[in-house]
Amino acid sequence: MWKSLVFFVSALIWSFGSSQDCTTPTGSRSNCVSLYQCQPLYNAFEQRPLPTHVVSYLGRSQCGFEGYVPRVCCGPLPEEQEATSARPTQAPTQGSSDVFPEDSSPAPRNQCGIDTTGDRVYGGTITDLDEFPWMALLGYRTKKGTTSYQCGGVLVNHRYILTAAHCITGAIEQAVGTLITVRLGEYDTQQDVDCIDSVCADRPQEIRVASAYPHPGYSDKNKNRQDDIGIVRLATRAAYTYYVQPICLIDNRARLDTGSDVYVAGWGKTLNGRNSPIKLKLNLPIFNKQECDDKHRGEVLSSVQICAGGVFAEDACRGDSGGPLMKKTPNGIWEVVGVVSFGYGCGRDGWPGVYTSVARYIDWIQNTIASSNV
């Protein structure tokens with residue numbers, strides 16, 4: 001949280017750009033402008049020490065960025081707010097179920113990939129409370145009528161989640177159930193209120209699934225899981241906060257060289273064999289493609305797949321299927337470069353995990369989002 005605040009402070013440089021219509025956290029219509037141009041919120045921001053409830057309200061007022069410059073939906077701070085570090089009893093107000101033109105494409109580069117601070121994760125380290133705010137948990141309605149969270153994904157704009165096709169269709173429907181919900185802004189799945197020391201996060205946003213779109217080329221009968229990528233449309237828009245933000249898609253011209261640093265994150269199995277209730281992160285290297293092909297001879301990997309990991313106790317296995325393989329650009333922006341697809345065992349030395357390459361599906365992602373946002 002305080003890493004978020006440091007980021008927020010360092011971002012305070014003058015922002016030129018046309019204002020846009022927006023809705024404040026209290027429901028009033030206003031304009032999306034630079035924080036410097038919004039006197040009420042700037043005055044609140046100048047308080048020292050900065051109260052936790054003010055930090056939370058500023059975060060919920062953010063409506064985009066210009067580079068690293070935050071823009072806010074300008075309006076007065078509510079006269080009475082409970083100054084508490086606990087999560088509010090209600091989740092941040094979610095957006096309308098109406099169709100918004102800006103939801104027809106992934107979030108623009110100046111509004112995504114900014115970190116405010118196994119398929120399960122092995123050897124991972126615990127994330128900060130507000131780290132990787134685009135992470136999503138996919139929930140399924142089981143035959144017993146309960147909700148089971150079995151896959152991961154990432155938020156790419158207010159309305160859409162990027163995940164794996166095998167998290168949407170095929171065997172998972174029989175083994176687990178029907179995809180019905182997405183949870184955003186989660187940190188510790190065992191706690192109703194996520195706190196580190198005296199700082200607490202907002203309540204996670206639980207949003208119903210409207211529709212899901214596995215890639216048409218995917219079949220769970222194919223052992224190599226080619227085209228293992230999918231899009232989930234939310235029934236209502238996610239509200240951007242410090243704890244919920246979209247990630248950028250990798251440029252389709254970008255290269256990932258062997259040995260490049262990439263990251264996975266999720267709530268997966270740790271070395272003691274148990275799922276982690278707390279969001280973990282893990283740094284992995286891109287694995288040599290030819291060596292990876294040799295390891296997976298029976299699967300015939302294609303050019304649309306990436307191999308990463310292969311270091312003992314450091315890999316992703318089933319619990320975070322559909323979760324992201326990510327990299328940080330030199331200017332500090334996070335991009336999703338891959339989607340967790342499959343692997344053999346967990347954290348086996350010399351055996352990398354296999355990920356669907358996002359760069360090879362940019363056109364399909366954009367077209368699917370545009371055609372379904374109606």
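Each residue, glycine too, has its Cβ placed from N, Cα and C.
Candidates considered were C22, C151, C167; the recorded disulfide partner of C73 in Swiss-Prot is C22.
The recorded disulfide partner of C38, taken from Swiss-Prot and restricted to C32, C63, C74, is C74. The disulfide bond recorded by Swiss-Prot for C307 reaches one of C292, C317; that cysteine is C292.
On a Cα basis, H166 (active site, charge relay system) lies 6 Å away from D228 (active site, charge relay system). C167 (disulfide bond) sits 36 Å from C32 (disulfide bond), counting Cα to Cα. Under the three-state DSSP scheme, C38 (disulfide bond) falls in the coil class. Listed in sequence order, the recorded positions near C151 (disulfide bond) (C-alpha within 10 Å of its C-alpha) are S321, out of E186, D194, S321.
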